[in-house]
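Shown next, in structure tokens, is the structure this report addresses.
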């Protein structure tokens with residue numbers, strides 16, 4: 001009787017498919033968003049479970065802004081008691097409110113352009129695009145900090161505008177309208193009124 005030459009399957013063979021289906025981490029998503037990789041934003045629009053990545057990106061930006069506020073300005077902020085926590089809480093909450101404001105502006109304008117995106121999807125898509133905000137900590141560097149803050153702010157507007165265009169399937173030219181208006185309202189007016197004027201320019 002001829003022996004069978006068929007090899008038995010390996011019991012401990014790694015599952016390559018499961019490795020290929022591994023979801024990118026927050027750092028990977030944040031890096032791709034910061035480098036204007038438009039391919040990630042449709043996933044954030046359609047997958048509700050990615051909201052934690054968006055929240056993490058915005059939270060990191062809020063903490064970075066709080067650190068910038070703590071170590072910038074012409075006079076030092078109080079370092080003891082509740083007075084030292086107040087600027088941090090205001091900075092963090094301002095970024096969170098600005099995120100929701102920007103998402104609503106983008107949703108409203110893009111809906112008028114024909115997009116059917118809802119508010120939560122808009123928040124997820126825009127939230128991950130906040131990733132350049134983690135570099136706001138370098139805004140506290142003496143002499144060049146103000147210039148770095150401006151560059152990072154413009155960079156963040158560019159990433160969010162790219163997110164709006166990709167998530168809503170509109171041209172980049174059309175996305176500039178909600179991108180700039182949302183940036184002006186949430187990042188310039190709101191932040192200037194709540195954070196920069198009372199804390200960073202003291």
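Backbone N, Cα and C atoms are what each Cβ position is placed from, and that goes for glycine too.
Predicted automatically and left uncurated, TrEMBL annotations should be read as such.
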Students should find that the transmembrane segment stretch in TrEMBL, chosen from 7-36, 127-156, is 127-156
Between the transmembrane segment (176-200) and the stretches 50-73, 85-106, 127-156, the largest tally of CB pairs under 8 Å belongs to 85-106
Residues outside the transmembrane segment (85-106) whose C-beta sits under 8 Å from one of its C-beta atoms, at least 6 past its ends, are 58-59, 61-63, 65-66, 68-70, 77, 119, 122-123, 126-127, 130, 133, 160, 164, 168, 178-179, 181-183, 185-187, 190-191, 194-195, 198-199
Taking residues 6+ outside the transmembrane segment (127-156), which of them lie with a CB under 8 Å of any CB in it? 29-31, 33-34, 40-41, 44, 50-51, 53-55, 57-58, 60-62, 64-65, 67-68, 70-72, 95, 99, 103, 162-163, 183, 187
